[in-house]
């Protein structure tokens, strides 16, 4: 959602309700604290935005100052419940708001007009692809400049001020251009409520149809109770539908073999990278909003969307909320462990990495063996685009351990800003970020903000000398990058201010010592551990994935 604020003048609110998610999946309202400027002399547009952000659960806003948003920032930082976190660039501010929204349910960033708005656009697009309610507030020019032929700085040199607005239309669910005080209050409230309803989750605006729910449950139970070896697959819309707990409840009740799609591994209580093996044991499946074709025919599947249930090629039930459906189905499903028993018979577990020789150069599989031992309910994992995708997918997450990555959009550099935002939203968790050297070079600056905020994240910087994920798709000299002294860079950013500790690791012995220090003596510090690994040290999964992407990208044109 893009909200462009022209000038934070005094406003005359006429409606002080903002829709926001309630615990039962319906839409509740937050009452405003003022009714007119006369009753509250501080009733400026900026203060109204600040109060609304606090009311929907935003305690930290990520910003980059610019001359068009400075007055707005004054009003935001004047709000007692709102903490402004200045970021090094707009892209990172957007990524930080993305990470914050993943843990807190909603995030916000503030940038300046055009030069800031177009810079943050890539992060907003990524949040859109991940169904995250991210409120992007752009401080715009003075209202007196609208409708004139005046050419302003920070623009592309045209008197048309709508360019940024048009760019945001394709990657946001609602756009509010606030340049008239008469409807400013209503526009802001509509924008915020739309972000909550449309971006995450969609179903809040849909009331559950009790008769349709009962019919869907009865039909699904009858369909699945006749299945010989049914399985369950969790997809990325479980979190959007706030149905993770209901999914686990159904899994416990039915006893089916269970698989989880990669983007759903953050769902508490479920964690499995082996859904392909699970499907091989099945004849029928109960699918949770799977976006890709699997090894199943649709006539043998029950597909559950956030507000819709489709049973085979047969009946479709609309206005049925996923969370309600799963809870009710758990009461009527027969327990059937046939597929799970078959899976246990045929599954061969992953082997252990070969034991390292003394002072042998560090291998990536050894690294992740040690990261596995660090995980608990008090930790969270952030996986950067690249080989960390595949290595982190194989981690077995303890209950309560957070896990995030950006699979759909796959923007390199996302994890630095996302780590900043995620860690800020859950300060009691120790975030473990796995970042490649190429990705880190894109967004490295906001390690500075992490230190400034007193965060305790452990960053594993995997230095293999280039864009390894691109190498496995299509190699070339452009995939080799200039090597940095990464620990030296972070030490320079630290500059003796705040708590930060760095280490450079070449072998397993040094890795063990570094982890012991990071989790012991330096547990209250930001810990940056640079890992030197061979340029060809990649996971088997990345090799396979790269080969498939290469084949897909090199297909000849279809004959006309």
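Cβ coordinates come from backbone N, Cα and C, glycine included.
What TrEMBL says about a protein is an automatic prediction, not a curated fact.
Now, the feature entries from TrEMBL:
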| type | residues | note |
| --- | --- | --- |
| BINDING | 437, 464, 466 | Mg(2+) binding site |
| COMPBIAS | 1-18 | compositional bias 'Polar residues' |
| COMPBIAS | 25-34 | compositional bias 'Polar residues' |
| DOMAIN | 44-149 | domain 'Thiamine pyrophosphate enzyme N-terminal TPP-binding' |
| DOMAIN | 406-528 | domain 'Thiamine pyrophosphate enzyme TPP-binding' |
| REGION | 1-42 | region 'Disordered' |
Residue 466 (Mg(2+) binding site) has how many other Cβ neighbours within 10 Å of its own Cβ?
20
Within 10 Å of the Cβ of residue 464 (Mg(2+) binding site), how many other Cβ atoms can be counted across all chains shown?
21
Write out, in the order they occur in the sequence, the residues of the chain not among 437, 464, 466 that have a C-beta within 8 Å of the mean position of the C-beta atoms of the recorded Mg(2+) site.
436, 438, 462, 463, 465, 467, 468, 481, 535
Using DSSP, break the domain 'Thiamine pyrophosphate enzyme N-terminal TPP-binding' (44-149) down into helix, strand and coil residues and give each count.
50 helix, 21 strand, 35 coil
